[in-house]
Amino acid sequence: MALRAPALLPLLLLLLPLRAAGCPAACRCYSATVECGALRLRVVPLGIPPGTQTLFLQDNNIARLEPGALAPLAALRRLYLHNNSLRALEAGAFRAQPRLLELALTSNRLRGLRSGAFVGLAQLRVLYLAGNQLARLLDFTFLHLPRLQELHLQENSIELLEDQALAGLSSLALLDLSRNQLGTISREALQPLASLQVLRLTENPWRCDCALHWLGAWIKEGGQRLLTSRDRKIMCAEPPRLALQSLLDVSHSSLICIPPSVHVQPLELTANLGEDLRVACQASGYPQPLVTWRKVPQPREGRPRAQAQLEGGLLGLGGHSASDTGSGMLFLSNITLAHAGKYECEASNAGGAARVPFRLLVNASRQQPQQPAQPPPPAARPAGSEPRPEAGSMAFRALGVATQTAIAAAIALLALTALLLVAMICRRRRRRKKARGPPGEGALFVNDYLDGPCTFAQLEELRDERGHEMFVINRSKPLFAEGPAEAPADCGPEQGAGPGLRVPPPVAYEIHC
C-alpha cells in the first residue's frame, strides 16, 4: 500500500480546488467559477479574476454594490447575490455585464426598483427578485430586458402593478406574482407579455369588484392554459360578502364598484406670505379611490407656477388608510404669490372619477394671522366676563382703525364719567361736613348781662367767621369763663347751667339773663 501512495497523490491534487492567481482571500476559485459565499463580506471582494463566468456571493452582508465593483467582470454569465442586505440598486449597476444570463437577488431588502437598474442586461434570461420588500412596480421597470424568460417576484409586498410596469418583456414565459399584496391587476399590465406560458397569481388579497371583470372572463376564455389547477384558485378577500370565494365562481353582476365622492373643506382659503399650508381632500367610494392634487394652469402666460407637494403619496389601490375612504394632503411650504390660484383634488377608482376645486388667495403683507385670545380658566375670572384685547396687544392692533377709535372713545367717556362722579361725591361730603361743623360748634355760651334788665331789644346779633348766628350778652366778658358765674337772682329761670356750660348740639339757642 505504501508503494501505491505516490501514485494517488496526483489524483488527490486534481480533486482539490485549483486556486487561480489573484483569487480573493478566503474565496475558492475554479477555472471560471469563484465562490465567496457565507464569508460575512460587506462589499464585493477585490481580485476576482477577469475571466470569471460564475460568481457566488450569497449569504453575506453586502448592503450596496459600489460603483465599479463589477466593472472588471465583463465575462460574467451568472451572478448569485441572494441572502444579502441589498437595499437598492443603482442605475446602471450591471452595465459592465452585457453577457449576464442569470441574476439572483432573492431574499435581500430591496424596497424599490429604478427603471435604469437593469440597463445593459440585454441578454438576461432569468431574474430572481423573490423574498424582498418590493411594494410597487412602476412603469418601465423592466424595459431593458427584452430576452428575459423568467421573472420571479413572489413573496414580496407588491400592492400596485402599474399598467406599463412589464413593458418590454416580450419574451417572458414565466411570471410569478404569488404571495404578494395585490388587490387588483389591469388588463393593460399583462398585455406586453406576448410569450407568457405560466402565470402565478395565488395567495393575494384579491378585491373582487368591477376592475376584475376582465380577469375572470380571460381565464374562462383562454387564460386557463397559463394556470395550473392550483393557480386557478384566485380567492376573493373582499368585499366581505364575497370573501373566500373563487373569482371564477362569482357572477359578473356581483363585481360592482361605487364611484368616488370627494370632500374638501374649506373650498377657499387666504394665507399670508411665508406660511405653510395643509389642505385635506377626503374621498369615499369602492374600491378605495386614488386621490391626487394638481394646480390648474393660469390663463395668463409668464406667471410662475407653484409646485404642490403631495403628503402621504398616492392613496387608493393598496393605500394605507381606512377601507372606505381615501385622503390626500396638499402641502405648500413657504407660501409666495406664485402659489395663489386654483387647485383641483381628483379621486378616481374603477367606478369613475370626481373632482373638487380649491382656491388659494395669498395676502401680500407678511402680517401673521392673529390667533384668538385664549380665555382664562373659569376659576380665574368672574362668571360672565369675557377677555378683552389690551391696547398694545397683537389682537388690538389687528382690529380696524374705526374699531380702535370707537374703543378709545368709549374708554375716555368712561374715565370722564368716573371723574365727575368722584367730584360730585367729594363736593357733597364737603357740604355735609360744613353743615355739621367742627366740634363745639353747637355749644351755647351764656354770660351775665349786669347793666340792665334782660330784654330782647338789648340783644345784639353777631355772626362769626363761619357765618353762624350768635346772640351774645355782655360782650365785654370773654367766652369760656374760667370759673362758674352765678346768674342774677332777678333774671332768668333756674337752669343750673354755669357760664361755661356746654349744651348738647340739638339745642340751637338758649339765653340766660
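Placement of Cβ uses the backbone N, Cα and C atoms for every residue, glycine included.
Owing to the predicted nature of the structure, the values given are computational and were not obtained by experimental measurement.
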Disulfide-bonded cysteine for C281 as listed in Swiss-Prot, from C208, C210, C345: C345
Which candidate, of N83, N363, Swiss-Prot gives the annotation N-linked glycosylation site: N363
Surrounding CB atoms that lie within 10 Å of the CB of C345 (disulfide bond), all protein chains: 24
Counts by DSSP class (helix H/G/I, strand E/B, coil) across the repeat 'LRR 6' (171-192): 4 helix, 3 strand, 15 coil
